[in-house]
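A.B. asks: Mind looking over this structure? Questions follow.
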Amino acid sequence: MAQPFPCSTQELFSYYARVWIPDPEEVWKSAELLKDYKPGDKVLQLRLEEGKELEYCLDPKTKELPPLRNPDILVGENDLTALSYLHEPAVLHNLKVRFIDSKLIYTYCGIVLVAINPYEQLPIYGEDIINAYSGQNMGDMDPHIFAVAEEAYKQMARDERNQSIIVSGESGAGKTVSAKYAMRYFATVSGSASEANVEEKVLASNPIMESIGNAKTTRNDNSSRFGKYIEIGFDKRYRIIGANMRTYLLEKSRVVFQAEEERNYHIFYQLCASAALPEFKTLRLGNANFFHYTKQGGSPMIDGVDDAKEMVNTRQACTLLGISDSYQMGIFRILAGILHLGNVEFASRDSDSCTVPPKHEPLTIFCDLMGVEYEEMSHWLCHRKLATATETYIKPISKLHAINARDALAKHIYANLFNWIVDHVNKALHATVKQHSFIGVLDIYGFETFEINSFEQFCINYANEKLQQQFNMHVFKLEQEEYMKEQIPWTLIDFYDNQPCINLIEAKMGVLDLLDEECKMPKGSDDSWAQKLYNTHLNKCALFEKPRMSNKAFIIKHFADKVEYQCEGFLEKNKDTVYEEQIKVLKSSKFKLLLELFQDEEKVLSPTSATPSGRVPLSRMPIKPAKARPGQASKEHKKTVGHQFRNSLHLLMETLNATTPHYVRCIKPNDFKFPFTFDEKRAVQQLRACGVLETIRISAAGFPSRWTYQEFFSRYRVLMKQKDVLGDRKQTCKNVLEKLIQDKDKYQFGKTKIFFRAGQVAYLEKIRADKLRAACIRIQKTIRGWLMRKKYMRMRRAAITIQRHVRGYQARCYATFLRRTRAAITIQKFQRMYVVRKRYRCMRDATIALQALLRGYMVRNKYQMMLREHKCVVLQKHVRGWLARRRYRRTLRAIVYLQCCYRRMMAKRELKKLKIEARSVERYKKLHIGLENKIMQLQRKIDEQNKEYKSLLEKMNSLELTYSTETEKLRSDVERLRMSEEEAKNATNRVLSLQEEIAKLRKELHQTQSEKKSIEERADKYKHETEQLVSELKEQNSLLKTEKEELNRRIHDQAKEITESMEKKLVEETKQLELDLNDERLRYQNLLNEFSRLEERYDDLKDEMNLMSIPKPGHKRTDSTHSSNESEYTFSSEITEAEDLPLRMEEPSEKKAALDMSLFLKLQKRVSELEQEKQSLQDELDRKEEQALRAKAKEEERPPIRGAELEYESLKRQELESENKKLKNELNELQKALTETRAPEVTAPGAPAYRVLLDQLTSVSEELEVRKEEVLILRSQLVSQKEAIQPKHTMTDATILLEDVQKMKDKGEIAQAYIGLKETNRLLESQLQSQKKSHENELESLRGEIQSLKEENNRQQQLLAQNLQLPPEARIEASLQHEITRLTNENLDLMEQLEKQDKTVRKLKKQLKVFAKKIGELEVGQMENTSPGQIIDEPIRPVNIPRKEKDFQGMLEYKKEDEQKLVKNLILELKPRGVAVNLIPGLPAYILFMCVRHADYLNDDQKVRSLLTSTINGIKKVLKKRGDDFETVSFWLSNTCRFLHCLKQYSGEEGFMKHNTPRQNEHCLTNFDLAEYRQVLSDLAIQIYQQLVRVLENILQPMIVSGMLEHETIQGVSGVKPTGLRKRTSSIADEGTYTLDSIIRQLNSFHSVMCQHGMDPELIKQVVKQMFYIIGAITLNNLLLRKDMCSWSKGMQIRYNVSQLEEWLRDKNLMNSGAKETLEPLIQAAQLLQVKKKTDEDAEAICSMCNALTTAQIVKVLNLYTPVNEFEERVLVSFIRTIQVRLRDRKDSPQLLMDAKHIFPVTFPFNPSSLALETIQIPASLGLGFISRV
């Protein structure tokens, strides 16, 4: 594409300029010029982005330079037409940057929305996004399919013109998904998402339409093989009422043939995958590879797709569309029959005939499924009937023709089935209301080119040629309109017109015409048709070519590309012939659904019929009748597929031309379905094919860049001098442009805009950037010079300071040196003196030491000599003693030896026992059982051994003593023997033997000593082992102690941790409970909101019904104020009294069923109560009869007065019997009326049962009241008898009393008085018993209520536990369902209680009337009994009652008939402004409460109920009438809250009375508990608050985006960027533009109005918090959806705006309202725009800073971040990935936008009033003169 350049090429192609050069891999590559271009250069010196340098050779012929690259500031724009250089590489690069870096899949290209398939689910289609786009201009938000849908919806409503959204693209590009989201948008914004459910029905049709119309191709696993146009119908209020679907060109050939790696339609594989199901056994299906029609592609499976599960979805979709199970099985039978038909084989008999094998199984199954005869079908599959003018004969056909006929039959059956299903879908979507307008969504195939292109691709590309022509004309028309509107002279733009290509296809002697002509030829073939094409168009039409290597193909140059079509199969597919005889066989079937398919075909093919849905048949077969007649029907019957497609395409184009089109071009980024992967080659191919580049080319040919004068002035103010700025912005811009751009053809001045040629904006941006760069350099130069001078002065001052300090340091060092020299001399003097003195002292000490040593040596020698002499004496003494001791020891050893031998023998025995015991297992176990016992035993053994050792020592000592004594004796004997030689000689032998024995004893003694030594060693060893064992045990004990201490420490730590965790958990649970409480409160308030909405809708419908209904003669309508806006409570309390009003008959049908059902339940309950009452009456009758029988025996004893009583009792019994019979008859009539008909209309008003029930109810209630009055009269008579015999306290004269007693005596009345007294006592006793019984019943009921409350509490806890286990969605649904059930039960209970209270009140009223009447009679009787003389004798004294000053009680009295007047003057017609300014706040509430007080004082419940009901209804009526006025809503919210606070303050409850003064406590209500009405008023206040929030939102919403985002509060911070065709709202503060000051002024207005109305301060805080939340949410949502707002300068603007709002809060003393916290997400988003976004430290800081934003919001802001100036840097993709990795563990909502419709739950804290009611004065301006103070 040639690139026009605005000025000299030398200026643009300068050093460092960036250009695009072609590349075989990436299509286009970016490069940078290394040398200025000069005219005449043949080579450009370039450097690629990767650093490689190259030489780019220019074309020597054209000298065309490479396209220039746009400035970085323009890269990533929302609209491609905003690019200064409009060409293919710029478009491709912009789309790639948006798709890969910013993850944005939508981009505008003028009027076209380019949608790139991300192959990933994105969170940008929720209802919050829909609400964000609703009502917005198309250019004000980022590109989105919702923006296109909103534009279509808005234009339909504004222009009263039908719209079309044309969605096109390749297979797999996302066309169907885009169409689905567009329909979802319409269903949501039109208010019909919860009513019509049309979009859900259309979506429900997707599974079955995809299963029967989609298949796997080489490019897409779920390719739509048909086109569809869905018309979504709207009524006059632009709500969806229905839809209709048209289909185009179903690819029937796929039923019988599939290319390699492709599949047939999904439904066939779903059937094969579900063949094992029991209901499919009769279809006799198998694997997909078993059937010829499903195995040709060789790819029966799709990765990741379960055909069996898809079959379940298909069947569910059929059920949702109203296709019954029987019809579904019929569809599956037909589809299975098609599969079996494909397996039918033919055997050739000769070249012209064939036959079906006998009893061929596939054909048998087919015939069984279709319900046709096997012989007929097998015959007509191999034969055909030929009819001539004279006769008809049957001709066999060849095998090839038979196969073609079989395939044609299969295609024909499938096509009819497809059309039948489409018809049923349209029936399900058919609108019952008249359609006012529609929006069409065209989901049609894009341009296709494959390796082998056949008839289907030809038709598809033909349709795309027509659509492209319409698109080009529309784009050209819009451009022309824009130029004319701005009064710009324009010339005809040379754009590509594809009319020649369309003529080649559809004109006379065109491709389709020649094809139809060849189909009519008897022996026409594809080859002859190809030759005709060559002869007609080759070398005559530039768009038609012939392939070099083929004579059976042709090439057409389409607008997108050249396509080569293979002629083979064109004729057969165009004729689509099926033999009539085969169709007749199918029509003879008994299969109902099969007959319906062909009946529908006959209706469509009839010349006079028309499809009700407006759908054009595209593929009807020319079925040949037996007796064909020439005529119109025959011509219509023989239309070819190409002819039908051309007609339907013309109809589609007429429809599109009659509507306003909107274009969506879907792009497939890669062929491998990788998420966010961009293949440049594939993208460019599709951009060329879909017309996006053609749009760019048309725009580039004219003036693509357009600026308003204000935007141009704001952007390029830096290029103007002060003298150039004039008051007229338009003239200023003209003067500047004439100086900047010399060529006046490069721009044009319109009425409101400046139009630039392509590239001019880039040139202006370059000049602006150069000017800013020069300014930056000058600023940098000045600042750097100032910094260097500052640095020099600082260094000079530092040098002087250093010199001063160095010189001072040197002087100090010299002084120190002098002091040290003097000190050294002094030290030397003293040192020398010390050395001499020390030497002298040393010599003197040495001399003295030598003398002392010598003298000591001499003395020591003398001492040594004396010592040796002494030691010799000592040695002699010791030697002699040793010899004596040795002799003693020898004797001792012998004795000890003997002892040891014996002990050794005993020790060996003991040792043997010990060894045996030690070897035993039990001993080993015992030794190791208890370490402490073992230690004690060892200690004990050691003690015993010590004792034994001591005993052995004692024995040894005794032996030594005995040895010594024996030695002495032996010595004495020896002496005696020596003395006696004789005895010695005689005893010589004895001595020798004794000596030998002694030697032997000595030897034994020696052995005993050695054994003793060994025993001692073993004992020592054993002792050592024992000590070692004891030490080990001690160590183990110490280890056990340490382990115990460690365990104790761990237990302590664990207990501490558990305590801390429990405290933490308690805090968390407390917070969670608070959140749950808020959620519950919010849910309740949402329910109230929904209830009020339904109530308003009910009133609207009722008004519509009243307007639509024609009043009958004599019909009297009730006052609308009586029935409108009644709350649920007032309706339930008055329903029994208004059951027969005519208004009930006028209610709309939407409410009638529910109302009648509730009424029927109540009447049933009433009937059961009447039956119970009847039973009680029957029991009472039996009891009376028994009493009568008992009374007969005592009848004679009773006085005559009892006769009258018995007579009365019998009369009463007769009346009760008659009443019983009457009740039985009425009950029988009711049962008869109910059993006569069981239809749902039985309980409807006007039905027989309904009338009977009403009549019986009224009659029974009347009879019941009469009987109750009679009972009361009887009781009053008894009381009067009692009073008649009591003394009259009014007569104090005793004589009169004696006279009365005398009279009673005379008249015999004493007995009668006695009897009356007894009856009175009995009556009192029975009353006492009844009261006791009632108290007991009341106690039981209270206990039952306590028990029920406990059960309810347990049930609530169980439900809460169950709900906590559920997921959040199910939890909300379960809690909502539970809340609805609870409210319903409470409502029914309240209705029952109200009915009972009404009965009790009526009964008490009647008793009161009877007693009052009786008292009056008694007073009259007393006056009559007074004697006339007494009256005359008593003096008549005038009573003088002193009249004191009237003390007002704070009550207002009014008459009952003035109630409506009171409501009218005080509520309906009251002007809030006058009341708020002139009177005390809350005056209407005080007046109403004072009226309620007076009604309470009178104990008039009807008056209280009526006044409260009228008040509530009046407030509702006012809010309905003036609900959009903030002052009205605020006024009545304040008064409703004050009225509620008054009801609490004066309720008499201790919790509220403690806030009152003693005087105020005297004004408390005395007779009625109005707690229920307090709840009603609280609900009403919640509804008013929600309405107030909606009014606030409606007022603030238009201001927020403009004031918070678009308006530049700080002027000059951010410049206006170039925009495209879709202009955004200007941020310049023009007239009528909202600014931040507008928002603050509005906030001030709201606050002042609420304060004037006396609204509670806490409630004002809640309102302010809600307002700030709305501001923050809407601002943040728009920021997240607007790429142009995500910049550093805009973040600074937002921070400043938020600071102004915070300042407003401080001024109003509302910082503690929680409003500032609601702005935290917006504040963090603004900070995110301003912080540094490069390093890992920055990422960590962002993650810690943005804790109020979700991960999706943070990533979205970073993706949208766009530099406004070239000095800012973009956010790198790697940095965004780092943020995502760091935030992946954060558990937050995946929702992108904040819920701007969220309303915080409101509370109404009790706020007592200090105002005394008696001091309130009523102004005359209110017109309440009919009420008086009491």
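Here the Cβ of each residue, glycine as well, is placed from N, Cα and C on the backbone.
What TrEMBL says about a protein is an automatic prediction, not a curated fact.
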A.B. asks: Give the range, chosen from 1174-1204, 1422-1452, 1608-1638, that TrEMBL lists as region 'Disordered'.
C.D. replies: 1174-1204
A.B. asks: List the residues in the vicinity of the ATP site, defined as same-chain residues other than Gly169, Glu170, Ser171, Gly172, Ala173, Gly174, Lys175, Thr176 with C-beta within 8 angstroms of the site's C-beta centre.
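C.D. replies: Those within range, site residues removed, are Asn117, Asn220, Gly446, Cys666, Lys668.
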A.B. asks: Under an 8 Å Cβ to Cβ limit, what residues of the same chain, 6 or more beyond the ends of the region 'Actin-binding' (649-671), are close to it?
C.D. replies: 95, 99, 109, 111-119, 145, 148, 151-152, 155, 159, 161-175, 178, 182, 219, 229, 246, 248, 440, 442, 446, 462-463, 466-467, 470-471, 474, 616, 677-679, 682-683, 686-687, 690-692
A.B. asks: Per-residue pLDDT averaged over the region 'Actin-binding' (649-671) comes to what?
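C.D. replies: That region's mean pLDDT is 89.
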A.B. asks: So, by DSSP, how many helix, strand and coil residues make up the domain 'Myosin N-terminal SH3-like' (14-66)?
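C.D. replies: Its residues divide into 0 helix, 24 strand, 29 coil.
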A.B. asks: If you count CB neighbours within 10 Å, which one among the binding-site residues Gly169, Gly174 has the smallest count?
C.D. replies: Gly174
A.B. asks: Pull the DSSP breakdown for the region 'Actin-binding' (649-671) and write it out as helix, strand, coil residue counts.
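C.D. replies: The counts are 9 helix, 8 strand, 6 coil.
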A.B. asks: When you measure from the Cβ of Glu170 (ATP binding site), how many other Cβ atoms are you left with inside 10 Å?
C.D. replies: 24
A.B. asks: Same-chain residues six or more away whose CB lies under 8 A from the CB of Lys175 (ATP binding site)?
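C.D. replies: For Lys175 (ATP binding site), the qualifying residues are Val167, Ser168, Gly169, Ser224, Asp443, Ile444, Gly446, Cys666.
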A.B. asks: Just checking, which of Gly172, Ala173 (binding-site residues) has the fewest C-beta atoms within 10 Å of its C-beta?
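C.D. replies: Selected from the binding-site residues Gly172, Ala173 on minimum Cβ neighbours within 10 Å: Gly172.
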A.B. asks: Count the other Cβ atoms sitting within 10 Å of the Cβ of Thr176 (ATP binding site), across every protein chain shown.
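C.D. replies: Excluding its own Cβ, Thr176 (ATP binding site) sees 18 Cβ atoms within 10 Å.
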